[in-house]
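Enquirer: Sharing a structure, written as C-alpha cells. Questions coming.
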Amino acid sequence: MTSLAELRKNYSLGSLDVADIDRNPFRQFDTWFQQAVDAKLPEPNTMTLATVDSRGRPSARIVLIKGVDERGFVFFTNYESRKGRELAANPYASLLFYWIELERQVRVEGRIVKTSAEESDAYFASRPLGSRIGAWASNQSQLIESRSQLETREREISLQYGDQPPRPPHWGGYRLVPEAIEFWQGRPSRLHDRLLYTRSDEHSDWQISRLSP
C-alpha cells in the first residue's frame, strides 16, 4: 500500500488578495463557480453538507447546489432523511465546495430555513420523471430488506401516478442563510490564501478578513 504520509501536492495555480475580490461574497462565489464550469470540472455543483444532531454528533454527505442568490444557498432533499432530521433538531449547517483542479475551496456556514412550497414545487416539476418517482419510492435513510423492495416500490409509484407524480409532502428545499463564507486558494509551501466574509446579521454589510493558513 502507498504510504499516506508520502502523498502530497504543491499548489501553485493562483493567488487571492482582498484588492482583487468582490466585496459581495455571492458575486465572488458566482465568479469562481463560473470559472469551475468554464474549466469543465466534473459536477462543479457538488458540495459537502455537514450537519449536527441533537447530541452534537456530526455527519456529512455530498449533495447538489440548486440555487444561489443574495438570500443564500439552496438544495433539495427528503425532509425525513438523516440530514432532514438533524436540521430539524439543529438548524445550522456548513457547506464545502472543493474544486481540486483549480486548487480552490469555498466554505459556507449559517442557519437553515426551508424554502417556500412554491419554490419546492417549481424545482420538483423540473426534475426528470425517474427522479420524481424516486422521491416517492425511497424512504431515505431508512433500513430496507433488499434492492428488490425498492424497485417494487418504484414500479408501484409509477403505476399510481404515471408521468405526473406530485411533490411528496416530505420532500423539498432548504436554504442556508450564510453568516460566514470563506474562499481558499492553494498556494506553495502550504501558505494558502484564506479570505473570510462575515456579517452580524442578514442586513449588515459583509466584512472581509484574512486568515492564517
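Glycine residues also receive a Cβ, built from the backbone N, Cα and C atoms like all the rest.
So Swiss-Prot lists the following for this protein:
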type	residues	note
BINDING	R8, K9, N10, Y11, K66, Y123, R127, S131, R190, L191, H192	substrate binding site
BINDING	61-66, 76-77, 82-83, Q105, 140-141, W184, R194	FMN binding site
Enquirer: Compute the C-alpha separation of R61 (FMN binding site) from R127 (substrate binding site), stating it in Å without decimals.
Expert: 21
Enquirer: Which binding-site residues (R8, N10, K66, R127, R190, H192) fall within 10 Å of F76 (FMN binding site) by Cα distance?
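Expert: Taking R8, N10, K66, R127, R190, H192 one by one, the ones whose Cα falls within 10 Å of F76 (FMN binding site) are K66.
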Enquirer: In whole Å, how far does the CA atom of N10 (substrate binding site) lie from that of S141 (FMN binding site)?
Expert: 39
Enquirer: Write down the Cα-Cα distance for R190 (substrate binding site) and Q105 (FMN binding site), rounded and given in Å.
Expert: 14
Enquirer: Measuring Cα to Cα, tell me the gap between R82 (FMN binding site) and K66 (substrate binding site) in whole angstrom.
Expert: 20
Enquirer: V63 (FMN binding site) to R127 (substrate binding site): how many Å between their Cα atoms?
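Expert: With distance taken Cα to Cα, R127 (substrate binding site) is 15 Å from V63 (FMN binding site).
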Enquirer: Fewest other C-beta atoms within 10 angstroms of its own C-beta: which of the binding-site residues R127, R190 fits that?
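Expert: Among the binding-site residues R127, R190, the lowest count of other Cβ atoms within 10 Å belongs to R190.
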Enquirer: Give the sequence-ordered list of residues that share a chain with I65 (FMN binding site), lie 6 or more positions from it, and have CB atoms under 8 Å from its CB.
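Expert: N45, T46, M47, F73, V74, F75, L95, F97 - these are the non-local Cβ neighbours of I65 (FMN binding site), listed in sequence order.
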Enquirer: Should R82 (FMN binding site) be counted as helix, strand, or coil on the basis of DSSP?
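Expert: SS state of R82 (FMN binding site) = helix.
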Enquirer: How many other Cβ atoms are found within 10 Å of the Cβ atom of R8 (substrate binding site), counting all protein chains shown?
Expert: 7
Enquirer: In whole Å, note down how far the CA of S141 (FMN binding site) lies from the CA of R127 (substrate binding site).
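Expert: So the Cα of S141 (FMN binding site) lies 21 Å away from that of R127 (substrate binding site).
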Enquirer: If you count Cβ atoms within 10 Å of each one, which of the binding-site residues N10, S141 comes out on top?
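Expert: Its Cβ has the most other Cβ atoms within 10 Å: S141.
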Enquirer: Show which residues of the chain containing K66 (substrate binding site), separated from it by at least 6 in sequence, have their CB under 8 Å from its CB.
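Expert: Counting only residues 6 or more apart in sequence, the Cβ neighbours of K66 (substrate binding site) under 8 Å are N45, V74, F75, F76, Y123, G173.
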